[in-house]
Amino acid sequence: MGSIPSEKETIFRSKLPDIYVPDHLPLHSYCFQNLHQFSDRPCLIDGFTNKTLTYAEVELASKRVGAGLHRLGLRQGHVVMLLLPNSIEFVLSFIGASLLGAMSTTANPFYTSAEIHKQAAAAGAKIIVTESCHVSKLQGLEGISRIVVIDDAVRVPENVMHFSELESTDEAELPRIDVHPDDVVALPYSSGTTGLPKGVMLTHNGLVTSVAQQVDGENPNLHFSEDDVLLCVLPLFHIYSLNSVLLCGLRAGAAIVLMRKFEIVRLMELVEKYRVTIAPFVPPIVVEMVKNEAVDRYDLSSIRVVMSGAAPMGKELENKLREKLPNAKLGQGYGMTEAGPVLSMCLAFAKEPFEVKSGSCGTVVRNAELKIIDPETGFSLSRNQPGEICIRGNQIMKGYLNNPEATKQTIDEEGWLHTGDIGFVDDDDEIFIVDRLKELIKYKGFQVAPAELEAMLITHPNMADAAVVSIKDDSCGELPVAFIVRSNGSEITEDEIKKYISKQVVFYKRIHRVFFIEAIPKAPSGKILRKELRARLAAECPNGRQL
């Protein structure tokens, strides 16, 4: 990489001192540990219906839902799939499963039937909680004992019941479960640094540690309090929102306003109505905020913090947002699902804030270690030298579900998780991301694994070979594009290929451009040489962007 690696490891730690982490507690006990301080304060607010539950009501309802899930046969170590938008029912189901020592695997409700079936089967889900409009996509699923819907449906199959039946269960039926800190509580799916989606095993200890790294201590890195109102517009099936919004909010005793989906005008109405103070966003939402003229018609002065994550945010976009929200502290965090997910957080969000640089994604979280290595040699690099970012700490995943080989490729023998991201740490301990080793495409913060799309493409009889890479896009970040080798005599068109894929995948995985090519460039090992394809793409498309 143009730098001389050092055999002596340079390890970076937070500027803030390490803290005590009550990692003996199950996640649900940890989140409600300070319940007595804010039991009567609002906890969950449905941004669509305005229904509000206090902290005491959420704890009680979670116990009832847990008892209801137990009555349906959910046991310790079992998996429930939450195929839901942001909703009170999502939160109650997640906590209810945790109380039973069960795991929640979260899935995007916009997934196609095939995508849902793959994840449910791989995770070994026993029960699915969803909306009635998605029940038709669940037909033929093996191993599912019951489907629970959160809305009133006119007609549902026999094995479908309403969520209200869970809520009406006597909480006394909830069994006492001995939950071990190393037990898995969350099972999100991620493509990791490469390849197909895999179940990421996040334990009670791991998530307790991750939340504590952010919001606990005398000078928390992420200063939330019971006086704060958090806007939960990012989907809870994504680990960023589940961890840094929901779990951190619960731990701090803040009110959490749940938005089922992103609509810019409704978002501003909720900010004004509930005096939202904390706004966790992703760059595409920031783009809407700065471009939409309606923003100026609403009072958004209550926002004191804008957190951005899931994808990098450019300096120009940052500056435009500062003009719209002059009262807000703006900063970025950095993470990946396998890391628990938060690796670093902007110290401008601390109770006693630090000055931070534009473009930085913060400093490494407390009670963790970070190093930068030369990807070729594995040797540690010092400050201001770009290399692969590695993280170590109790917050990282236990491993990939039923995939020890992929786990070994991601977490080394010394416990370092290799992110596949290229970055450097400057003289002030701030982390900057400069490139990606991993092949994932980031569409508005969502992961798109090229290998998943390639596997679909090459099953088509008119395609001999295929490769998928990304192209930059101003509003979406990155878009998937395909390079295709036609089968002999085939005249398959770009439009036919796009339609073939769009029928099988969720909207953000759709192919946006198709380029026909004589052969896919590959190394002797058979690995696709994506750099060559990106170079060709740069020649085809001015500025490397969508035409």
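Every residue gets a Cβ built from N, Cα and C, even glycine.
Noted in Swiss-Prot for the protein shown:
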type	residues	note
BINDING	190-194, HIS238, 310-312, 332-333, THR337, ASP421, ARG436, LYS527	ATP binding site
REGION	263-332	region 'SBD1'
REGION	333-400	region 'SBD2'
For the region 'SBD2' (333-400), what are the DSSP-based totals of helix, strand and coil residues?
6 helix, 24 strand, 38 coil
Going by DSSP, is ASP421 (ATP binding site) part of a helix, a strand, or coil?
strand
Same chain, 6+ residues apart, C-beta under 8 Å of the C-beta of SER190 (ATP binding site), given in sequence order:
PRO197, LYS198, VAL200, ILE239, MET336, THR337, GLU338, GLN447
DSSP-derived class (H/G/I helix, E/B strand, else coil) of SER190 (ATP binding site)
strand
With every protein chain in view, what's the tally of Cβ atoms within 10 Å of the Cβ of GLY333 (ATP binding site), excluding that atom itself?
25
Counted with DSSP (H/G/I as helix, E/B as strand, rest coil), the region 'SBD1' (263-332) has 35 helix, 12 strand, 23 coil
Entry from the binding-site residues list GLY192, ASP421, LYS527 having the most other CB atoms no farther than 10 A
GLY192
